[in-house]
């Protein structure tokens, strides 16, 4: 392959998770099912929280924001993959490649910040319950969400602008189902030292620091809650709740950081693509169940919302009858 300037690149080839023709229907059905479950599950959480006044609290405000970001995050990659399988086309043009990369990094960043903000919210609620409403006031909640978006936009813009300076070969084949940043850096034909340093710096500064904050928050929650509960059943319930939340956070952080930080070491592109599925598709799909269905308030709100939706149809139909 001959190196060429990136302005001469018209398209890239996303090879996906497998090039075996007989596996394409299975991959299409699996990812379509997970995508629909992610969209409908998170959308149900958003509608339930917005329709129930009892859930208009900081905790559920952040949860609704996380659900919206999870829908956007998954929608940057999976629909394009499904379209490529359905049309038997693996092509994405240069503009599409840059757009997908920008929005993927953006929503991934907001997702990481919101997970950290939610961990801080629970830390205040458990360790400082008497001052919770004073600390987590609407101004602070809005500021936390705003800072999450600003920091993520700046990081995504920086990463995308550094990719613009790269030159690629005339024929670019990506062993992945979307344009992941570390994959594109590895495929560049020009010097990638600056891009690699920027990627590592952002991963360590943002994801690493935020992960440390999440772990500290959970450690304080466990020590404050579990150690203060006398019954064995109460300790088990508290521990299982914290463990389930922490397992999802760990899955997202460990797989995403592992994919990016291992880019300097020789590895299989296919294994990297499979690992990316865990934080791009599986985690957003599981978030509604982990953060909502294990919560009694949310389950009651879901039942009320479902009952309203069921009753609304006959009532509207009755009003329309002559």
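Glycine is treated like the rest: Cβ placed from N, Cα and C.
Taken verbatim from TrEMBL:
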- 41-291: domain 'G-protein coupled receptors family 1 profile' (DOMAIN)
- 26-47: transmembrane segment (TRANSMEM)
- 59-81: transmembrane segment (TRANSMEM)
- 101-120: transmembrane segment (TRANSMEM)
- 140-158: transmembrane segment (TRANSMEM)
- 197-218: transmembrane segment (TRANSMEM)
- 238-261: transmembrane segment (TRANSMEM)
- 273-293: transmembrane segment (TRANSMEM)
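Using a Cβ-Cβ cut-off under 8 Å and counting only residues 6 or more beyond its ends in the same chain, the transmembrane segment (101-120) has close neighbours at 59, 62-63, 65-66, 69-70, 72-73, 76-77, 144-145, 147-149, 151-153, 155-157, 159-160, 163, 178-181, 184, 206-207, 210, 213-214, 217-218, 249, 252-253, 256, 284, 291. Averaged over the domain 'G-protein coupled receptors family 1 profile' (41-291), the predicted model reaches a pLDDT of 82.
The stretches the transmembrane segment (59-81) and the transmembrane segment (26-47) meet in space: the count of Cβ pairs below 8 angstroms, excluding pairs fewer than 6 apart in sequence, reaches at least three.
Listed by sequence, the residues of this chain that lie at least six past the ends of the transmembrane segment (26-47) yet keep a Cβ under 8 A from its Cβ atoms are 16-18, 63-64, 67-68, 70-71, 74-75, 78-79, 81-82, 85-86, 281-282, 284-285, 287-289, 291-292, 298, 302, 305.
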